[in-house]
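Student: Just dropping this structure here.
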C-alpha cells in the first residue's frame with residue numbers, strides 16, 4: 001500500500017462511506033475527511049442550500065474543486081459524495097492519487113439508511129426509490145471504473161467493512 005497511501009471511498013448515498021471512513025481512519029491512524037463536509041465548511045452553508053441556490057451544476061463544480069484539493073493531501077481517508085464520480089477529472093484524480101474503494105449496496109439499504117435524512121437534496125421527492133434507481137443506472141459503472149476494490153456493505157457493520165478493507169489493502 002506504500003505507493004498509494006490515501007484511501008478514497010466512493011459509492012451511492014447511504015452506502016456507509018462516512019461511517020466506514022471514520023472507522024478506517026481511526027484503525028489506520030489516518031485523517032478522515034468528508035468532501036461534503038468540506039464543501040459545507042468552505043461555503044458556510046449546507047449542501048441542500050448550495051443545491052437550491054447554485055443548482056446541481058454549481059454544486060458539482062464546487063465538489064470537483066474540493067476533490068482536487070483533498071486528493072493532494074497525504075495519509076487521508078476520504079469519503080466522497082455519491083455524485084463525485086460524474087466528473088471525469090475527479091475520477092482521474094481519485095485513481096491517480098490513492099486507493100479507491102467502491103462501497104456497494106442495494107437500493108433497499110439506501111432507502112432504509114437515508115429515509116430520515118433531510119440533508120440529501122436529490123431525495124427530497126415523493127419517489128426516492130425511483131431517484132435512487134436512476135442514480136444507480138447513471139453512476140454504478142463509473143464507481144466500478146474508478147475503483148481498485150469493491151466491497152458490499154449491506155448486512156455488515158461499519159467496523160466489519162473497515163476491517164475487510166484493511167485486510168484487502170494488506171494483501172495488496
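Including glycine, each Cβ sits where the backbone N, Cα and C put it.
What Swiss-Prot shows for this protein is this:
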BINDING   14, 15, 16, 17, 18, 19, 120, 156  ATP binding site
BINDING   18  Mg(2+) binding site
BINDING   36, 60, 82, 139  substrate binding site
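Walk me through the surroundings of each of these features.
Tutor: For residue 156 (ATP binding site), the same-chain residues 6+ apart in sequence whose C-beta sits under 8 angstroms from its C-beta are 164.
Residue 18 (ATP binding site) carries a helical DSSP state (H, G or I). The Cβ neighbour count for residue 18 (ATP binding site), using a 10 Å radius over every protein chain in view, is 16.
Sequence-distant contacts of residue 60 (substrate binding site), defined as residues of its own chain at least six apart whose C-beta falls under 8 angstroms from its C-beta, comprise 83, 86, 87. In three-state terms derived from DSSP, residue 60 (substrate binding site) belongs to a helical segment.
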Student: Can you grab the distance from residue 139 (substrate binding site) over to residue 15 (ATP binding site)? Cα atoms, rounded to a whole Å.
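Tutor: Counting only the Cα atoms, the answer is 13 Å.
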Student: Within 8 Å of the centroid of the Cβ atoms of 36, 60, 82, 139, which other residues of that chain place their own Cβ, given that this set defines the recorded substrate site?
Tutor: 13, 63, 80, 81, 83, 84, 85, 86
Student: State the count of C-beta atoms found within 10 angstroms of the C-beta of residue 139 (substrate binding site), not counting that atom itself.
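Tutor: 18, counting other Cβ atoms within 10 Å of residue 139 (substrate binding site).
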Student: Taking the Cα of residue 82 (substrate binding site) as the centre, which of the binding-site residues listed as 15, 18, 19 lie within 10 Å of it?
Tutor: 15
Student: Let me make sure I understand the span of the substrate site: among 36, 60, 82, 139, what is the greatest distance between any two Cα atoms, in Å?
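Tutor: Greatest Cα-Cα span of the listed binding residues: 18 Å.
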